[in-house]
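Enquirer: If you scroll down you'll find the structure; I have some questions about it.
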Amino acid sequence: MLLFLLLFCCCGDFVVVVIAGDNVAIVDDVVVNIFCCCRQSRRPSFCPINEKPDKEGAEDSGKTAVVFSLKNEVGCLVKALRLFQEKRVNLNHIESRVSRRVPNEVEIFADCSCSKKEFNELLENLKDHVNIVSFNTPEHVWAAEADGEDVPWFPMKISELDQCSHRVLMYGSELDADHPGFKDNVYRQRRKYFVEVAMNYKFGQPIPRIDYTPEEVRTWGVVFRELTKLYPTHACREYLKNLPLLTKHCGYREDNIPQLEDVSLFLRERSGFTVRPVAGYLSPRDFLAGLAFRVFNCTQYVRHSTDPLYTPEPDTCHELLGHVPLLADPKFAQFSQEIGLASLGASDEDVQKLATCYFFTIEFGLCKQDGQLRAYGAGLLSSIGELRHALSDQACVKMFDPRTTCNQECLITTFQDVYFVSESFEEAKEKMREFAKTIKRPFSVYYNPYTQSVDLLKDTRSIEDVVQDLRSDLTTVCDALGKMNTYMGI
């Protein structure tokens, strides 16, 4: 097993000792100098709060990390670290562990400070000498893997959603040949503008306000006018309760496209959710990760004007009219977040099952209210044709059960073959909680609303911290019940 130790001598110098089996070697000055830099800037195990924004880092992503594997031999680490010095890449933190992927190898986690250009050059050189396992891997994921389980990366704090929201599978400017705007160069250029806005957005910034064109407003107006005719008889009561509030506070009108910044502030006060701009399609894992932090990724572009009642992709009409009104409902918001939390650290197979359940609930779900079927899915509430179809006698409707729903095929360009109904959001949430228990991962997760971060519950200490929070809440509840009994006789 290969280990390296940094020793501080009485003379004030540093010595790096590499141990491999029974062999011991002292590393040359090159590596000693690198380790000195590590020691001087060594970080604590927790992430410090950066009170002053780093302008240079914001523009060029100054902090990066790489995980690479080496043969378990003396001298291999020396050669690899020499490349860091040659490329003038400073090391903030470095760790080693035995590789579980390849026998007789070790993996090295190196946290660096450098520009993107320098980091890319380093990666190219490293590829010729070592096997790169991953890069830009946060340290908490390395630590989680070191505990004995391979866990897919996931954000631990809300600011890390920048990494998720910028990993777009298909940009909004990349239109398929059958897209209504494929041959419209003006429309394509407009879509590129929306991509730039979303890709430049960072957590904590105000969402840029869009100056929508008259044509875009007219397209929105057609969709808004036709859908609002159906809502009284087709939408669930929670939707109907919140739509007038959005009209009052966010400018939901036929002649005005609401701004995401106004919508985000409104949602924060109602349910704790916020929205952020996104350039296009995200993977199910990245999209669901946002929900775990009560963040909804929203597009800002508008569908093509030649066919305002159809869009092959989610646009701002879908987001604002389909999703936002229900995200303002606390129970629905909780349901959405729990699907997101269940996805963190889950396998690709389990994430796909959760994404399918999301699709047939939050996108195309039905519920029963006053003995009637009502729609709460955003895909239905933003589609005139499918909203009518889903509540007609022609639609196939089954009770929502995550164990079977997760295997149903999701259709994108046609109406769904089947829709799933729940008695209430609470019922759907309880069923999803039971389903989430079947997901295999070496820990549970707990969302801390005060720090907007996720805590891993995998030992007694982490669980004790949550219990303390619950104890405080229960004390407040007991106090309230006591006062109700004293003053109201309840």
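Yeah, the Cβs are placed from backbone N, Cα and C, and that goes for glycine too.
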Enquirer: Besides His318, His323, which of Glu269, Glu349, Glu363 does TrEMBL list for that Fe cation site?
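Expert: According to TrEMBL, the candidate sharing the Fe cation site with His318, His323 is Glu363.
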Enquirer: Which residue of Arg303, Arg388 does TrEMBL report at the same L-tryptophan site as Tyr281, Thr311, Ser382, Ile412?
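Expert: So the L-tryptophan site in TrEMBL includes Tyr281, Thr311, Ser382, Ile412 plus, from the candidates Arg303, Arg388, Arg303.
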Enquirer: Just jot down the residues in the same chain as Glu363 (Fe cation binding site), at least 6 apart in sequence, with C-beta under 8 A of its C-beta; none if empty.
Expert: Gly377, Ala378, Gly379, Leu380
Enquirer: Averaged over the domain 'ACT' (65-140), what pLDDT does the predicted model reach?
Expert: 77
Enquirer: Does anything in the same chain, at least 6 positions from Arg303 (L-tryptophan binding site), have a Cβ under 8 Å from its Cβ, and if so what?
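Expert: Correct list: Pro180, Thr219, Val223, Tyr310, Thr311, Asp315, Cys317.
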Enquirer: Counting all other Cβ atoms within 10 Å across every protein chain shown, which of the binding-site residues His318, His323 scores highest?
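Expert: Counting every other Cβ within 10 Å of each candidate, the maximum falls on His323.
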Enquirer: Under DSSP, the domain 'ACT' (65-140) has how many residues in helix, strand and coil?
Expert: 25 helix, 30 strand, 21 coil
